[in-house]
Amino acid sequence: MGSFARREHQFLAELGLAPRNPGSFACGAWGGSGPVVASTNPTNNQVIAEVVEASARDYNEGMRACYDAAKTWMAIPAPKRGEIVRQIGDALRAKLHHLGRLVSLEMGKILPEGIGEVQEIIDMCDYAVGLSRQLNGSIIPSERADVFPLPRQPVRLFSSPDPPHRPSIAGFLHRRHRQLLEGSPPDRPRLRPSRHLAIRAAAAISECPCALLCSATSPGAVSQPLALTKRQIYRREFVRVQAASTPSLRARPAPVRHHSSAGGPPPALGSQGATLAARPIYSSPWEAEARVEGGGGPTARGSLSQLPHQVPDLLACPNHMMMEVWNPLGVVGVITAFNFPCAVLGWNACIALVCGNCVVWKGAPTTPLITIAMTKILAGVLEKNNLPGAIFTAFCGGADIGQAIALDTRIPLVSFTGSTKVGLMVQQHVNARFGKCLLELSGNNAIIVMDDADIQLAVRSVLFAAVGTAGQRCTTCRRLLLHESIYQTFLDQLVEVYKQVRLGDPLETGTLLGPLHTSASREAFLEGIQTIRSQGGKILYGGSAIESEGNFVQPTIVEISSSAPVVREELFGPVLYVMKFQTLKEAIEINNSVSQGLSSSIFTRRPDIIFKWIGPHGSDCGIVNVNIPTNGAEIGGAFGGEKATGGGREAGSDSWKQYMRRATCTINCGSELPLAQGINFG
């Protein structure tokens with residue numbers, strides 16, 4: 001092959017590539033029994049190398065092994081899986097520049113972008129390593145609780161029979177429960193305990209709150225707890241425990257002094273026949289009173305005071321708890337596109353692997369060498385750690401392999417990046433078998449420039465957003481909305497910087513615009529220009545293909561109405577539609593008027609405009625930027641769009657949850673069976 005004979009392409013051998021390469025990595029081994037295809041260089045349309053694609057038989061054998069390997073991989077602790085991904089990141093670092101050159105050679109993006117794409121996978125590996133120790137579930141308060149824990153500090157009984165100025169313990173717990181539900185901070189109670197009878201809380205309030213568990217105390221003695229059930233609360237019954245039946249009450253008997261309306265001292269808690277009793281106060285179902293009866297003396301009574309302020313979470317129940325548990329899905333299918341032939345794999349595979357899933361990858365059919373080189377690096381890490389190679393399975397192939405992934409019930413989640421048309425078909429296949437889809441589809445992204453914007457900053461941003469990667473990013477700026485007061489000034493500056501864009505070999509230093517990926521893309525560009533002219537578009541700059549061996553076209557600026565049908569479609573090339581607006585409301589309506597909803601940006605210095613733009617009446621896209629381009633997203637945020645862009649979210653934030661299945665678990669450790677919603681069934 002010509003490319004292997006050229007000195008500047010000797011790095012291909014360093015990546016394990018040969019003039020002819022097997023394109024199926026299945027069952028931990030390389031093979032391929034499908035058709036032979038050629039990978040070509042879009043700069044000159046010369047063949048780089050040949051690849052033997054995977055067949056249906058290769059796919060079935062590989063998927064069987066991948067499905068079996070999932071049982072091994074998901075049993076490894078998540079931090080250990082993170083260690084494997086860390087090693088993958090290190091292996092990619094060692095080949096960063098070689099892989100970046102391969103991306104530029106086979107895809108056509110300039111070398112800094114090619115290296116940046118590989119760096120993005122390395123960053124994803126680092127991100128996933130940290131994530132492997134943070135796949136956290138939630139502990140959820142259960143309303144089924146029998147008993148809630150309380151601090152074991154004394155809660156004093158007051159001498160007043162019904163002191164309205166002192167909130168009761170039950171009332172406090174009821175209020176605290178409401179505060180927890182509302183997310184309010186707890187009260188800091190002012191405690192003024194009585195000098196007389198003491199009640200110690202051992203536990204309290206069931207069913208938010210409907211029962212009280214307390215015990216009488218005297219110096220050196222603690223009684224058997226006394227419980228009020230929900231039924232007794234509402235019936236306002238007294239529940240009594242004989243002091244004589246509780247050995248702890250007889251220990252160190254001492255009289256408890258208490259003033260009562262009957263006069264005279266109450267009985268000692270340790271005396272024979274004394275009874276501790278409690279019931280709700282009639283004025284409120286959330287208050288309770290306690291008293292000591294019998295033993296030959298008068299009754300002492302009072303209400304329970306507020307708890308001390310060191311109160312734990314009253315919703316943590318020892319007998320019932322509810323929690324979320326996240327478990328792996330099993331196998332995740334990843335179908336990537338030519339424009340980011342390896343970065344999108346990193347978004348998905350790094351997260352999927354630390355979440356405990358095996359990965360089956362179908363790379364773009366026109367970038368098979370990148371698929372093979374990336375897979376060789378990942379396979380080497382698995383082999384070094386004595387892990388099944390089938391944990392990561394890869395196929396070079398066409399639509400037949402993609403369709404097999406979409407239809408395969410062994411793959412619970414399929415991530416697809418590509419056109420809206422094909423993505424819709426993938427979604428229909430996956431949904432028909434009740435699988436899940438992660439779709440990253442077309443974008444028709446707009447930049448709005450307000451009259452107060454920094455013009456130079458906006459011009460530089462538009463240049464990168466519209467011309468970078470030859471307009472073949474899903475986040476490429478395709479529509480430029482200029483305020484009428486700066487319209488001509490901005491356009492004049494933009495045309496001048498377009499004239500300075502250097503076209504050429506993407507591997508050469510200084511090149512800003514490489515070729516389109518295929519000759520078919522070049523033809524689609526020319527057809528698009530004809531359509532633009534037929535719909536009233538005015539070519540302000542560019543609009544032609546470059547006569548050469550490669551797939552080069554001019555970066556193009558078009559003045560056109562926002563209502564032109566061609567504006568609503570995605571022309572995958574360096575074509576920028578320019579239109580003017582008068583008000584922010586009009587600009588937002590134009591931004592939101594297309595079916596796609598991936599990325600958007602506004603340039604302004606006014607905070608009121610910024611917050612309207614990012615708010616509910618602003619952009620309807622998944623990426624909403626201010627004073628930066630529409631492209632060049634960071635991995636820390638969730639990447640994806642709305643509407644016809646598919647609604648998927650990949651990379652950062654909480655995107656990891658899509659790669660796992662959530663189970664809500666309620667656990668009963670007790671002997672009672674309280675039902676939710678207060679249901680009493682028999």
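Every residue, even glycine, has its Cβ placed from backbone N, Cα and C.
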Report task. Using TrEMBL as the reference, determine which range in 245-272, 637-664 is annotated region 'Disordered'. Result -> 245-272
**Report entry** Structural state census, the domain 'Aldehyde dehydrogenase' (37-154) (DSSP three-state)
**Finding:** 69 helix, 16 strand, 33 coil
Requested in this report: Mind giving me a neighbour count for Glu440 (active site)? Other Cβ atoms within 10 Å of its Cβ, every protein chain shown.
Outcome: 28
